[in-house]
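Taking it in order: structure first as structure tokens, then the write-up.
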Amino acid sequence: MLKYEFLHGLQKRSHYLRQLSGQFFSRSYSSKIRNIGILAHIDAGKTTTTERMLFYAGKTRTLGEVHRGNTVTDYLTQERERGITICSSAVTFAWNGHRINLLDTPGHIDFTMEVEQSLYAVDGVVVVLDGTAGVEAQTVTVWTQADKHKLPRLIFVNKMDRPDADFEKCIADLKEKLEAHPVCLQYPVKNEDGVLAINDVITLERLTWQQKDLGQKYIRMKLEPSDELRDLQEKRNELIDRLSGVDDELADVVISTESFDKVDNHLIERALRRATGQLKVVPVLLGSAYKNVGIQRLMDAVNSYLPAPEERNQIYDCFGSEVAGKVFKIVHDKQRGALTLVRILRGEIKKGMRLISARGQAEVVSKLYEPLADEYREVNAVQSGDVVICAGLKSTVTGDLLTSSQSTLKNAQKRLKQSLGTTESVIPELDDESEESEDMFGLDPQIPDAVYFCSIEPPSISSQTAMEQALRQLQREDPSLRVSYDSVTGQTVLGGMGELHMDIIKSRILSEYKIDVDLGPLQIAYKETIESPALTTLSVEKEIAGAKQNVSITLELVKDKSEIFSLDKSPENMPNLNTLRPRILQVLKKGAIGALERGPRVGGQVVDTQIRLHNATIGRGTADSFVMATAAQCVQKVLSTSGTRLLEPIMSLQIVAPSERISGIMADLSRRRAQINDVLPKGERNKMILVNAPLAELSGYSSALRTISSGTASMTMQPCGFSAMNSVDESQAERRAQGLE
């Protein structure tokens, strides 16, 4: 039996790599860079997997443990206290001649926006599955997000040391729940003591990790002739057969080879890389991050199978050698101020460089840093394909596209349009240039709707300004946090993705800004939609500071989900509309759309409604602010005529419980206006209920579920849209909004 020992992450070698990273790796060619995200359902072991990667790569000297609160990537106080990832964090490390920029993302549904922004910055992802649970609710969510970005991915089935882990079930889940095309590169085996080892399908080797040195060593053993070897050879043949069906190069080799046994391992790996990059297959690996098994081979797979930056994002070739960068995260450091994480798509960013956002904001990069969660190493320049932290950017927000100049952006847009075979703008005439830039380059952030809102008050009047500044900074970091001012109550109002999201915001304001704010009771973020189309005209004439202000506007509201603002192009109205300057149209549009943010019944956003401008007459010398205010008043007047209906947020739940508890749980759900979609078997003793229910009926539901099931049930929940309400429920919602219930 042949044995080979491999030692990864030795401190001497690690020290050398850290020195080298300041020379070679920060300037490494794009082909040697891997920008990856780590995605998972909460508690699948994602952060532990990341911490093991850092340890074996020599970036850390000790193993970070979630339960000990000493992790590198979960560095916020709230993350370490709760044992969950809240903010995406970026770390850079060297592994086998490659530079890996890794983003650890949240697994909780309240922080989906963090995941969404991070996926703009990566070229591939590792999806971590809990080997005892398979594909879970948030796994489906992050998988869908990865599909949207067309990201190649690897699967790491974690916790395979556990006695209740089921590898075959995980593979079945991938096929059934995600409609994925998994190819297994490894299979689990356990010795007489139940210690996990791995059989490698490509090399036909047994991999065993040594626990006495924290898994830094692992042994590769060629399997001797046996039933086990024959079974593994059959799996290797199946892998070759699968790959040859999707990869022509390997198919040609297979046709000219007398036996699958003669197909070289390197040919299989190259075919696997091509098929993974083309989203034809998803390689599956396994291990146990907590027990230090399988992590080095996972990092090898990242290098071998996930794409380099140069293999993706060809749309940005229109920038040539000029800078194009995507802002995917902003954090605030007590010493350094706002730090902006940028994925460099083209060109090179240097210290002291002047950059322009697609919104036209000019910025100067004061310093550049290499990321390691909340630690930083200063560098002078970073090239295309890499990830960098920029200090000194004052007005840039998460989701911005950065370039070297406005002319660079315009020239890139022109070249892109020419390459697409069109010289005309693909954006409607009313949209502005920044919106066109974001849309054309696929960077338009999809900010999810808030499902909860509450008032926020400072502890004293003197703290008001500091609180507002803290909220501005938090909004730059987190676009899903909504901050507005209620002119009726005079309160500042927060909108967020869930109870945990709002709780974390309050906690961060206290811990990071030393302001003990008071949050009002959580309110449901209802929406409104018009009951029927309506048309009205509003004419306003005033004298302000000696100047005559005169505006007359005719607007119509109609039911339409496709477009929020349009011009009525009927023959009787076009002569008037053609006389309006583009700037005036933009002012009218901004004022009218702004009025839809607060509906007449509960102050909810008015949706599925189109504003149709019929006619507008603007007196000479009338201020833009007066035109905007009149447009808003006209929309409010039409809303009072059309009337509105309430739409309530609906949540999708997956509840897993023992079979004998299901009837009691379903009886309780029926009292909460829930719609049961399905009840499925979940293992031998459990069942899973798939259900949709109004968010208003789910206050305190996790506690109620624990009581009903005597602590045996588990639940995941995520928003799944809005639904119309009946008149009784509408009246109750209005009373809640008015504080009468």
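Our numbering is plain: 1 for the first residue shown, then up by one each step along the chain.
Using N, Cα and C of the backbone, Cβ positions are placed for all residues, glycine too.
Swiss-Prot lists 1-29 with the feature transit peptide.
If you look up Swiss-Prot, you'll see 31-310 marked as domain 'tr-type G'. Within the model, the domain 'tr-type G' (31-310) carries an average pLDDT of 87.
For 40-47, 104-108, 158-161, the entry in Swiss-Prot reads GTP binding site. The Cβ of Met160 (GTP binding site) has 27 neighbouring Cβ atoms from other residues within 10 Å, across all protein chains displayed.
In the three-state DSSP classification, Met160 (GTP binding site) falls within coil. Counted within 10 Å of its Cβ, the other Cβ atoms near Lys46 (GTP binding site) come to 27, all protein chains included. Counting every protein chain shown, the Cβ of Thr105 (GTP binding site) has 28 other Cβ atoms within 10 Å. Least crowded of the binding-site residues (Ala40, Asp43), judged by neighbouring Cβ atoms within 10 Å of its own Cβ: Asp43.
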